[in-house]
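Swiss-Prot annotations:
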{"type": "TRANSIT", "residues": "1-18", "note": "transit peptide"}
{"type": "BINDING", "residues": "CYS99, CYS104, CYS110, SER351", "note": "[4Fe-4S] cluster 1 binding site"}
{"type": "DOMAIN", "residues": "120-340", "note": "domain 'Radical SAM core'"}
{"type": "BINDING", "residues": "CYS137, CYS141, CYS144", "note": "[4Fe-4S] cluster 2 binding site"}
Amino acid sequence: MALYRAPKLQRSLLNRCLATASTTPAAASTSRTSTFRKTLEEGPTLDDFIAGDVPNNRVVLGNTSAPRLPSYLKTSIPTGASFSKIKKDLRGLNLHTVCEEARCPNIGDCWGGKPGATEAEGRSAATATIMLMGDTCTRGCRFCSVKTSRTPPPLDPHEPENTAEAISRWGLGYIVLTSVDRDDLADGGARHFAETISKIKQKAPHILVEALTGDFAGNLEHVSLVAKSGLDVYAHNIETVEALTPFVRDRRATFRQSLSVLKRAKEEGVKVTKTSIMLGVGETEDQVLDALKELRKVDVDVVTFGQYMRPTKRHMKVDRYVEPAEFDRWKQVAEDLGFLYVASGPLVRSSYKAGEFYIENVLKGKSVNKRVKNLTMESELSEKSASASL
């Protein structure tokens, strides 16, 4: 009898061992996976680890030190006949705008044209910013979300002709051309830029062209090449104050180098030069004022102020959200310093309603009158000062 029970008992023990061996690791694995997933969800973020200020005995959810987004920085969904028409045209003309790709909050204002205008009138008063030379930059500024590479794709030799043809058929009265930095090219893309502008002017002389360029690695001959291509406005952004430039912009960009670009453009006979400053990155009032004075020394005509908005968590944090009243104050300060036109507000960007400014202020002569008025006031103050000293 024992001879028959032994195999049965052995089989029972073997089955029990196999069952235990097959279920225990799976159960343990599931438990470990759940614990790991829970730790990832509730644990510190990458920013917390980089900062190194998270205590070992507690978990911090998110970035508690970051300022909350104010309500005045939230915008409504853009609408309107002019906006819809321009968006539809873009698809058919195969043009790429910074307005859409950067999700600019002012797209409704710039593409919407004037209130109450017809579709054609709205389109002629609208402003759009076209990106040239690809979508990959050779620089890596800490505020910018454009992708970067040391070896971006080669230029499209047909882009100047195709862009000019598309823009001439588009019907806009004002166009802004910009590009990524191309330090991989011998001329930084200056000839490509200049050729595009020249072809636009050949096909549609009535279209006003603003070129928002990089610094061409400080090569002023390349700046001159673009400045003499037939454009109406030369723009180059200093982005921030001099003291913060090394921490905000790519190491190859300097404040003084940017000033030299704007100075050379004016020396080449460009009527209007323009730049832009982000606020909320840690600047002081004295630093902003000094930057404005330096810009006036090189005869910059237009300046815009806007709030820095963090594109992703990989980019530098917002130091603070600047109140609208402070933007209004900087507008007044800049105008008092002699700038022809100042656009200042939390949502303002470099090309904010650029066409409206140019048409209303430059072509109608308002800028000339304002410049004469400022010079007259300066002359009167000088005379009073001289009389007082006597």
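Note that the numbers count up from 1, one per residue, in the order the chain is shown.
Cβ coordinates come from backbone N, Cα and C, glycine included.
Note that the structure is predicted; figures quoted are calculated from it, not measured.
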For this session: Compute the centroid of the Cβ atoms of CYS137, CYS141, CYS144, then list the same-chain residues not in that set whose Cβ lies within 8 Å of it, in sequence order, for the [4Fe-4S] cluster 2 site.
Result: ARG139, GLY140, PHE143, SER145, VAL146, THR148, VAL180, ASP181, ASP250
Exercise. Under a three-state reduction of DSSP output, how is CYS137 ([4Fe-4S] cluster 2 binding site) classified: helix, strand, or coil?
Worked result: strand
Exercise. Hey, does DSSP put CYS144 ([4Fe-4S] cluster 2 binding site) in a helix, a strand, or just coil?
Worked result: coil
